[in-house]
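Trainee: Copied straight from TrEMBL:
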BINDING   Arg44, Gly45, Ala46, Arg85, Gln192, Asn243, Lys244  substrate binding site
SITE      Cys153  site 'Transition state stabilizer'
ACT_SITE  Asp233  active site, proton donor
Amino acid sequence: MDTMYWKDNTLFLLDQTKLPIEVTYVKLKTYEEVAEAIVSMKVRGAPAIGAAAAYGMVLGVMGFRNDQNLDNYLRNVYETLKNTRPTAVNLFWALDRMWKKYLEVKNQNFEEIAKALLNEAKSIFYEDIELNKKIGAYGLEVVPENASILTHCNAGALATAGYGTALGVVRAAFAAGKLKRVFADETRPLLQGARLTAFELLEDGIDVTLICDNMAGYVMSLGLVDLVVVGADRVTANGDVANKIGTYSLAILAKEHGIPFYVAAPYSTIDLNLNSGKDIPIEERNPDEVRKIGDRLIAPSKVKVFNPAFDVTPAKYITGIITDRGIVRPPYRENIKKLFGGN
Ligand SMILES: CSC[C@H]1O[C@H](OP(=O)(O)O)[C@H](O)[C@@H]1O
């Protein structure tokens, strides 16, 4: 199923907060609705929120009224979408690409501007699928025969325009007959692993075993994991990686057990403007996401909560970064610059 699709000047978005119980699409016709969908995580995953925001810019243009200044109006649309979530750089990469396209065509007539932005949003969406397939192909190199792969959160088709990054490597390994099984961390508090990764892999007929996050170390100690592959929300110039909360702990555990730890990410997740992981803004979300599961309270309603949605894994714990341009290995600063310096 598609994470999203465009039809009749409407963005149809798979509502991921309803998965795996319900497969339903919401119809979005305004940029404000797209912004709300990103904040509430109806759509989530770095490349997916970038693509959704790109379509949000198109809906913004389509909502323009002649009594306004288009530049100012569209800048407000851009800022509204930009301010939805702070960590995944793909959001800003996609919005900047849409703004650049707007500057290129702004002197054309309104219909041509809208058409050019729609084409750019579609390019961002469909390019991401191709990037993920390249990631999968490169990732095959690090997957041993009969591999058991552990992953965290959801870096699959549901986090992207399709195919997935970490799950792109899983899909490529499955297609090549190299995959034995996947262990999927449930990924508290919003359970992207339990709700989304388990769902996605079962849909594809891939052997997936769900574990609680706190079981990963024990599973590794039993010798059941050959490698760990996770996604990313931002990779900085020195190879530090922001990803779903719990990734850092997983990287430490993998190091302790001598298990290769790979990050899978497209070029649109590489942020050369940030020197290291210390510079990455970490989103803190609603405390009730921790106090509750769904609508059910599982802690005292007045208990204090700290709810960072991401953490940063230092480059020294990362065996390699699997990208659409190849596998980046240490020394990261030098090798990331070599592959991505020209963007
Ligand atoms: C392919 S990037 C997926 C990335 O995004 C997830 O975060 P969220 O579900 O909060 O958007 C998680 O960090 C995944 O690894």
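Positions of Cβ are set from backbone N, Cα and C atoms, glycine also.
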Trainee: What subset of the binding-site residues Arg44, Ala46, Arg85, Asn243, Lys244 lies within 10 angstroms of Cys153 (site 'Transition state stabilizer') at the C-alpha level?
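Mentor: Matched binding-site residues: Asn243, Lys244, sequence order.
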Trainee: Out of Gly45, Arg85, Cys153, Asp233, Lys244, which recorded positions lie by ligand 1, with a C-beta less than 6 Å from some atom of it?
Mentor: Gly45, Cys153, Asp233, Lys244
Trainee: Quick one: Cα separation, Arg85 (substrate binding site) versus the residue listed as 'active site, proton donor', in Å?
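Mentor: Here the two Cα atoms lie 11 Å apart.
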Trainee: What residues, ordered by sequence, lie under 8 A Cβ-to-Cβ from Gly45 (substrate binding site) and sit at least six positions away in the same chain?
Mentor: Thr3, Ala88, Asn154, Ala155, Leu158, Ala159, Thr160, Gly231
Trainee: Give me the Cα-Cα distance between Arg44 (substrate binding site) and Asp233 (active site, proton donor), rounded to a whole Å.
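Mentor: That separation, Cα to Cα, works out to 11 Å.
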Trainee: Return the count of C-beta atoms lying within 10 angstroms of the C-beta of Cys153 (site 'Transition state stabilizer'), excluding that atom itself.
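Mentor: The answer is 29 other Cβ atoms.
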Trainee: Measure from the CA atom of the residue listed as 'active site, proton donor' to the CA atom of Asn243 (substrate binding site) and give the result in Å, rounded to a whole number.
Mentor: 5
Trainee: Centre the Cβ atoms of Arg44, Gly45, Ala46, Arg85, Gln192, Asn243, Lys244, go out 8 Å, and tell me which other residues of that chain have a Cβ in range of the substrate site.
Mentor: Ile49, Ala88, Cys153, Asn154, Ala155, Ala159, Gly231, Asp233, Ala309, Phe310
Trainee: Measuring Cα to Cα, tell me the gap between Asp233 (active site, proton donor) and Ala46 (substrate binding site) in whole angstrom.
Mentor: 5
